[in-house]
Amino acid sequence: VPSPRPQNATVMVWIFGGGFAYGTSSLNVYDGRYLAQAEGAIVVSMNYRVGALGFLSLPGSPVPGNAGLFDQQLALRWVHGNIHRFGGNPQSVTLFGESAGSASVAPHLLSRHSQQFFQRAILQSGTLNAPWATVEDTEARRRAEALAQALGCPTDDDNELLNCLYARPPQEIVSKEGDVVIEPSIFRFPFVPVVDGHFIIDSPIVLLQQGIFKKTDLLLGVNRNEGSFFLIYGAPGFSKDHESLISREDFLENIPMIVPQGNEVSVDAIVLQYTDWLAQNDALKNRDAIEDIVGDYNVICPVVEMATRYAEFGNNVYFYFFNQRASNLPWPQWMGVI
């Protein structure tokens, strides 16, 4: 809250990112005091359950999924009902987030149960129609059962499975979350929002195509190098400790990991599109091409798609492309603007 306390101030509600797997609103990088002081706005942030504790889903059971989204919705409801006590205007609330936090903003735009609690939205480097941001109910069940199996819990009865999980320490559950992803992949997370027919009533792409979303002003944006951060966590040939010069062999090995559900035709199409055929063995170009594929597929194209759909239905849409590398960025130069 700015000092002196304002009257009827604009409110900004922040949702942190972290792949729906980790994070907290109390990190120094999310300190809202600077924004509040500079702009005279009230800045609110929240915590929400992440990982299996927030997004495990057994469709048809007492744990249908999306608990983390309901946490966010409850926070929005509280802000709507109480922010006037802090000098805020409940009719001037902007919801904003980054990465998975940005992908979290989208379901509130899509859900009629959340739409009344905010007026505008900002989505930074993520949206719900990205390939990593949701799963269908069948895949959600498979992941829940895989986690249960990794913890030695029964999987043939939902109630027994859940009772077994309830009895496990949270740290033990979290330690086994990575066991549910069956194929080597880049930019994928074990427990994410599920298309449950309630909070997310249909595929996000279908909802965007049909215009089933809050009609409002939208600001969206991406960074120049959206993919590089994720490459240093296991992509063949990549590391933050060297220049990550990528051979043709590593280039070809990376692509199925970037599109783990892709068939042979789609993989071949990606190779065709992103190969410099006059310099197939240029290690710098191969490195940059892989970074482009990861960023385009997982962030830039989905965000552009959402912006396009919103504009098609007559909404005011604003878009930014962030191209300025911070002088104090700790990552190597090859990772660019992240």
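Cβ atoms here come from the backbone N, Cα and C positions, even for glycine.
Here Swiss-Prot flags S99 as active site, acyl-ester intermediate, drawing on sequence analysis. In the three-state DSSP assignment, the secondary structure recorded for S99 (active site, acyl-ester intermediate) is coil.
Here Swiss-Prot flags E226 as active site, charge relay system, drawing on similarity to another entry. Same-chain residues at least 6 positions away in sequence with a Cβ under 8 Å from that of E226 (active site, charge relay system) are, in sequence order, S125, V294, G295, D296, N298, V299, I300, I338.
Under the heading disulfide bond, Swiss-Prot lists C153-C164, citing similarity to another entry as support. For the recorded site, C164 (disulfide bond), the DSSP three-state label reads helix. All protein chains shown were included, and the count of other CB atoms within 10 Å of the CB of C164 (disulfide bond) stands at 16.
In the three-state DSSP assignment, the secondary structure recorded for N8 (N-linked glycosylation site) is coil. Per Swiss-Prot, N-linked glycosylation site is recorded for N8, and the stated evidence type is sequence analysis.
Fewest Cβ neighbours within 10 Å among the recorded positions N8, S99: that distinction goes to N8. Counting only residues at least six positions away in the same chain, the Cβ atoms of E160, L161, C164, L165, R168 sit under 8 Å from the Cβ of C153 (disulfide bond).
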